Amino acid sequence: MKVGDTHYRSIWFDGEAGRVRIIDQRWLPHEFRVVEIESLDEFATAIRDMWVRGAPLIGATAAYGIAMEMHRNASDAALDAAWELLHETRPTAINLRWALEEMRQVLAPLSEGERAAVAFRKAAEICDADVETNRMIGVHGLDLVKQIAATKKPGEPVNILTHCNAGWLATVDWGTATSPMYHAVQAGIPIHVWVDETRPRNQGAQLTAWEMNSHGIPHHLLTDNAGGHLMQHGQVDMVIVGTDRTTALGDVCNKIGTYLKALAAQDNDVPFYVALPSSTIDWTVEDGVREIPIEERDDREVTHVFGRLDNGSVTSVQISPDGTPGGNPAFDVTPARLVTGLITERGVAEASREGLLGLFPERRSAA
Ligand SMILES: CSC[C@H]1O[C@H](OP(=O)(O)O)[C@H](O)[C@@H]1O
């Protein structure tokens, strides 16, 4: 999407330089840094340390990590080692395993000499497919925004609350939760976005707010605890969030705090939608609370906060006493019963097995 007047994707391959480039999201919104990643360790670090993040982008990055490794060493051992190293970077987003499996399936049968070129083509395909998938999520999500817009007074915006960043920065482009927002603006439908800051890493404050600013979308930054109050006072018309892994029964794993928003939404009859590509559905899992591994991240993310000082330098400061440990589960699971609908590239599904199989009937045999 747009950065100033320039269109960017969050990751791209420069064929002439033979380098993969990413936007290093750790420095946003204060600095826009594009960095090259080349070695397998650099790819693993970029995912683990959240230079790039967001389920679809994590998958796309891993795909290019495999491609760059095949360029260096296309042996079976190197392919397996790369798969393992990248897979263990972050446990929750299913797109990581999905992308690694996509790469392994296409590469394993090939000779070593064939693998690098095919790997780069497949990684590019995964990226291009993600862009089109997310565009279609926006097309289907736009219908939902239009339905709510029809109930508003002329010119009154549709108030949408979102949590964390499920924007174009979390994908290759368009985003998932933000795609309906971008499509609504393009369709001339007035919207206003409540942006949850999303502690501890503040992906909402740092990334979603930056996206909204970059596209001139009216928004306000919220503390994570304000959404319920706004819902009680009729200031939220709908919630749209992303997901890192959704189960075959429609349970939704997403950034920590999502579950609490879903509870508040149900208590106030606010529609709670989850936008996702089908690559984020884990068809092998049914009970999300019991089965989805929740990443526990460094407690320094809780005890410290990252930002820009008045002198313009960007740094991290401690907000808690020395010696106070932090707890940092990075995700939670929202049961399907709290989800109004799942916005996918094929349409909006009820959050249930039958709802998902209705859009993805090819999965019925495995069910
Ligand atoms: C479109 S996936 C976005 C999803 O990923 C984020 O997690 P993280 O920033 O830790 O990778 C968050 O859960 C978003 O909803």
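Just so it is clear, glycine is given a Cβ too, placed from its N, Cα and C backbone atoms.
The substrate site recorded in TrEMBL includes R53, G54, A55, Q203, N254, K255, and the single candidate from R9, R19, R90, R290 that the record places there is R90.
When other Cβ atoms within 10 Å of the Cβ of R90 (substrate binding site) are tallied across all protein chains shown, the result is 22. Checked against ligand 1, the binding-site residues G54, A55, R90 give G54, A55 in sequence order as having a Cβ less than 6 Å away from one of its atoms.
Spatially close to R53 (substrate binding site) yet at least six residues away along the chain are Q25, I47, N165, A170, Q203, judged by Cβ distances under 8 angstroms. Taking the Cα atom of each, D244 (active site, proton donor) and A55 (substrate binding site) are about 5 angstrom apart. Apart from the site residues R53, G54, A55, R90, Q203, N254, K255, the chain places the Cβ of I58, A93, C164, N165, A166, A170, G242, D244, A330, F331 no farther than 8 Å from the centroid of the site's Cβ atoms, the recorded substrate location. Under DSSP, R90 (substrate binding site) is assigned to coil, being neither helix nor strand in the three-state scheme.
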